[in-house]
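Undergrad: Sharing the features that TrEMBL gives for it:
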BINDING   72, 113, 114, 115, 145, 146, 173, 363  thiamine diphosphate binding site
BINDING   144, 173  Mg(2+) binding site
DOMAIN    312-476  domain 'Transketolase-like pyrimidine-binding'
Ligand SMILES: Cc1ncc(C[n+]2csc(CCOP(=O)(O)OP(=O)(O)O)c2C)c(N)n1
Ligand SMILES: CC(=O)[C@@H](O)[C@H](O)COP(=O)(O)O
Ligand SMILES: [Mg+2]
């Protein structure tokens, strides 16, 4: 196997094109065998095998910097930069990340996973290079989907004007996760399918040569004519009008053509876009046929491509409820930022194509677009992963909340996910809780999810956010009728005297399990589903405080999270002397791997909750005088002013 002899890119440079093509086959086999077992991003990686080999034979990584936008398509890059021996640990706890990671290799320069950032970082890196008087090349591989992200346009605008020497390799496979959308996608399609761009440029140059020169004063006329002729003949001058030299389109699976284009780009010593056309899923029939299905996910049966059967997910319950509500309410509209499948909106899109909007990887635009829809009397629901809503934080505040507009943010993947630090959905509680006028809720199961979504769509008082996790729901039966939940009111699921557990969202069932276990130890523990982060149910906090001991539970960052809100409420209510323990995500990034591993590690489990209750009871006993029979808790006594 040639791949076993590749310890780094330098081992590629002695290989002939036929050998590189053989190596490409080996890389595809390792990728599909591994991803079939570990899960991951199959189709994106199958599409960039030749591109990866061409990049690593033309440029000298790590001296030359190759940046992968999103970097979900960096598995071949990892395989040719010495990580074959570890590749079987992909996305496992302690194993290789599913995205580039500088801790793994000097060939990786960023640990990222959000789209449309590589161009900006590449221009910054290239500018630092120039200021340091260095000469290495900086190459950013950006997908056609990533190019629909606003940041990419900001970078193109700046880079083309600033003339920083950067090479952008546009990996155009016509796909985002689903088929790509938007004007830029159509522009690329025109180039891909039109007469060969370079031949047209040559023709345009011939035509211009024949034009008579009228002398210097008319030079400007000729110059403008040149531009006019180019615009007339060429399918687009988009990149060149922004100051980037455009090369392409190049067959992204033809190593010789790729190497030639990359060498030409390198020789130009200016901002260059090399437009490469690839097939997402290349080499594996089922992945080529369904690149959206095999964008991510797994494990799957390698022979048939069949994924292991899954149970109903929260996303599916969300999507089905959206359809159900939309059938009754014509004002309901749905928005996604390039993730109709992942958010569960595919069925809505089929049934209400005129009321469904996939805006591309453009969360900022999606949020402000929702504001416009709401201002116009519609009831927009923006379905977005917690981690990706971070991209639209200013729009949530400035364009939605400040305007008091009724936009619903259906926040999926709220909590820990296998993707790791780049994708953990743990900051939304903290980053939304401080926004004036927003309602933030977390349903404890799929039945509450459907009711909370219904409540949010009917709520007209301003923005409304509900958060729910990735993956299988709890198998709770769904009520036949949708009902509104009382905003700001949680629910006591189990009364108790010795301590209270205030659980947020899907951690209520684990809190009940902990209480049942503690009952056998003689502890009588109250359990409540807080249901709302904002407005917080202060009566519930008072009732919990009356036990003298509170444990809060959230699958979110502790800093500024739900537990912090409870502490603030106790202080604001003057309820001192209450022992509090907060369970949640500590102040660090949580890496890739099975979420259950990390949840256990941070005490987010029924056992962890029980341990926290024991701890808070013991702490309380250490500090409280022996309770006289019938004595009320200090908090209750404090409240009534009694001794
Ligand atoms: C800001 C942001 N929004 C959404 C996503 C989810 N996402 C991951 S890859 C992807 C599609 C990327 O398409 P493209 O750049 O064309 O790469 P390809 O998978 O086609 O190689 C999306 C939407 C993301 N990573 N970042
Ligand atoms: C690369 C990327 O950001 C997406 O593909 C993400 O990994 C999808 O996550 P889910 O698998 O939870 O839909
Ligand atoms: Mg693409």
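Placement of Cβ uses the backbone N, Cα and C atoms for every residue, glycine included.
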Undergrad: Find, among the binding-site residues listed as 113, 145, the one whose Cβ has the highest number of other Cβ atoms within 10 Å in the structure shown.
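TA: Buried the deepest by this measure is 145.
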Undergrad: Tell me, if you would, which residue among 72, 114 (binding-site residues) has the fewest other CB atoms within 10 Å in the structure shown?
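TA: Comparing Cβ neighbours within 10 Å for the binding-site residues 72, 114, 114 has the fewest.
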Undergrad: Within its own chain, what residues at least 6 apart in sequence put their Cβ under 8 Å from the Cβ of residue 363 (thiamine diphosphate binding site), listed in sequence order?
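TA: Expected: 337, 384, 388, 389, 391, 392, 395.
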Undergrad: Measuring Cα to Cα, how far is residue 173 (thiamine diphosphate binding site) from residue 144 (Mg(2+) binding site) in Å?
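TA: Per the Cα atoms, residue 173 (thiamine diphosphate binding site) and residue 144 (Mg(2+) binding site) stand 7 Å apart.
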Undergrad: Excluding near sequence neighbours, so keeping only residues 6 or more apart in the same chain, what lies with its CB under 8 A of residue 144 (Mg(2+) binding site)?
TA: 170, 171, 172, 173, 174, 175, 176, 180, 184, 185, 188
Undergrad: Near residue 115 (thiamine diphosphate binding site), which residues of its own chain have a C-beta under 8 A away, given they sit six or more steps off in sequence?
TA: 69, 70, 143, 145, 146, 149, 361
Undergrad: For a quick check of understanding: given the listed thiamine diphosphate-binding residues 72, 113, 114, 115, 145, 146, 173, 363, what is the maximum Cα-Cα distance in angstrom, as an integer?
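TA: Result: 21 Å between the two most distant Cα atoms.
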Undergrad: Around the C-beta of residue 146 (thiamine diphosphate binding site), how many further C-beta atoms are within 10 angstroms, looking at every protein chain?
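TA: Around the Cβ of residue 146 (thiamine diphosphate binding site), 26 other Cβ atoms lie within 10 Å.
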Undergrad: Quick test of your reading of the structure: among the binding-site residues 115, 144, 145, 146, 173, 363, whose CB sits under 6 A from ligand 3?
TA: 144, 145, 173
Undergrad: Out of 72, 144, 145, 146, 363, which binding-site residues have CB atoms lying under 6 Å from ligand 2?
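TA: Checked binding-site residues vs ligand 2; flagged 72.
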